[in-house]
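The feature domain 'Acyl-coenzyme A oxidase N-terminal' is assigned by TrEMBL to 27-147. Per TrEMBL, the feature FAD binding site maps to 153, 192. Residues annotated as domain 'Acyl-CoA oxidase C-alpha1' in TrEMBL: 289-450. Residues or ranges marked as active site, proton acceptor by TrEMBL: 435. Under the heading domain 'Acyl-CoA oxidase C-terminal', TrEMBL lists 490-668.
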Ligand SMILES: CCCCCCCCCC/C=C\CCC/C=C/C(=O)SCCNC(=O)CCNC(=O)[C@H](O)C(C)(C)COP(=O)(O)OP(=O)(O)OC[C@H]1O[C@@H](n2cnc3c(N)ncnc32)[C@H](O)[C@@H]1OP(=O)(O)O
Ligand SMILES: Cc1cc2nc3c(=O)[nH]c(=O)nc-3n(C[C@H](O)[C@H](O)[C@H](O)COP(=O)(O)OP(=O)(O)OC[C@H]3O[C@@H](n4cnc5c(N)ncnc54)[C@H](O)[C@@H]3O)c2cc1C
């Protein structure tokens, strides 16, 4: 048997797809180790996939698009129960990476009844509950004796936390907090799994003590009777209805009617209220926002994975789909031969790699900050907040764009739910909104950039943190791209730094200038906000490029290094063209340099072409995880599309009741009236 570099090759596969895999120049298992940050983790992913493949009870009983929402919820609860029962046979206990993979394989991306339990409820209790509180709730939560969510957003307020309407008023006499929803707009609205699944929630409410508003605080709140699952007295609760996607998750509403909880249900790791109502403030005003920072830090990787789902589907399909000719004397070509198709897909393949590398760095920083905050050191919280705010916005935005490009690259079949593209898009695009609407989060990063710009302007560049140190550096007078013999990326990085620096300083100038002219700070901020967000995007895109460069520099295997270097070339040239307005406007890059950048882009599209399928195969998504007929590993698309169509519930009978009831009588009466 021949050992190929691409480990996805199997006998009997579509030969067009096998031919693509044979040309791969690198070992896809080794690339998976880069993507998943260690050989051990990549291997464990494969082992988990194999275990699941052998357990039919963990497979979908029918394709998700053929199920109603109720059926999907039932099916996902069945599988959730099974994986909870057999968890220790499948994954290492408490390994969140393995749990994430297990969920993606078995439950899929549409959510499940305990999605928020793992993503926010447990992280909130871990970071914000005191040790005593953790003994009481965290162990029960980890054991899944109770199911919880994170209830913050309201019908009338999501972004602006200071104006939430839900109040928690301290009653000194009974040592209780009274939770209350004063209006319809104060109903909690959106929290995942709040509607039907959870019996507890970490609720965010404005805390009032003796008439004083202490702002948003987090409380552990029982919602339903633990035995009967009936809502408790004083609680109004339900599902908010179907959404664009993510419909297995019961996003919910919640109202409180003077609902009492003990004082000790305020999460008190960092903040305390004494029995007499004395408030002990936390070491950082935003420390209670930790569950949001947790998701923002991890969702970068989650988004990269969803982008890669779509790219895997589109790249594999483009290798088996033949349409038209390039040379009219030759047979029809694979659509992947078209430069336009390559240009549509390959830069996003590069972005997906860039995002997953940036995501890994973000999680590392998050874990460091989590450890430091636990010991009272809050010095890096602002940096982490700025970084994750920018990354969640930029990455979710390009992920949604990339998925949509991948869908269109599949032509008509991309529009069928057999491709699963619409669900992948719908779930991923939610990331532009949840955990902070993208524009709002870019503005959070902009606050950090403006402060940094002000240090530069006042000659205090030495005080700049490592993420923004480049703002204090001097630019060359022009970019040296194409003017130096070096094949490295230093000139590109310098050019991105120049662009981000110039835009940041310019936007900050606009903001400070407006204030100097007498505008009040918030008005000046609003009038500068488009320019400020441009700076945030450019800063974040620079960070992503740098994270990509750092990773490529670390890679030792020469075959991997070569293909990753090709991808990085593609990435920097594509990004620079995409932001060429900024590069051209002060003459830092000339139009002839941009011609060079364009040529480089086309060169690397062609160079990557033989590795395209191997680059997407390296993510090692199983068919069960992808849930896409078009993206099947074996490339047998057409016969399976036909089988899928035949399985459509509409094809259970030859004549639908709607035809019997309406269309037949309509046609009959039309015929009769002609007589
Ligand atoms: C291996 C595992 C892989 C896992 C992959 C996981 C994938 C995950 C997929 C999940 C899928 C679906 C789940 C969806 C779940 C969704 C949940 C939610 O959406 S929960 C609700 C989220 N809501 C928000 O994000 C609201 C956004 N709004 C805010 O965050 C705030 O209101 C904000 C920040 C806009 C303003 O806050 P506030 O009004 O309090 O601020 P001020 O104006 O008073 O002060 C600003 C000041 O504070 C600093 N700040 C703000 N936040 C933080 C923070 N978190 N940390 C540190 N500092 C913070 C800010 O920088 C300003 O500082 P300044 O010095 O004044 O400039
Ligand atoms: C799939 C999904 C899952 C969710 N899960 C949860 C959950 O589990 N728990 C939870 O509590 N919430 C959850 N949410 C809610 C989510 O966090 C909020 O919808 C999100 O934070 C945005 O807030 P909003 O809806 O109030 O938008 P708005 O703030 O009303 O945004 C509307 C528009 O106003 C703009 N805007 C608002 N404020 C400003 C500003 N200061 N400056 C400039 N522009 C501004 C925005 O950019 C946007 O264009 C979820 C939402 C979704 C879609």
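Including glycine, each Cβ sits where the backbone N, Cα and C put it.
Because TrEMBL annotations are produced automatically, they should be read as predictions rather than curated entries.
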(message) In whole Å, how far does the CA atom of residue 192 (FAD binding site) lie from that of residue 435 (active site, proton acceptor)?
(response) 12
(request) Kindly state the mean pLDDT of the domain 'Acyl-CoA oxidase C-terminal' (490-668) in the predicted structure. (result) 98
(message) If you count CB neighbours within 10 Å, which one among the recorded positions 153, 192, 435 has the smallest count?
(response) 153
(message) Cα-Cα, whole number of Å: residue 435 (active site, proton acceptor) versus residue 153 (FAD binding site)?
(response) 10
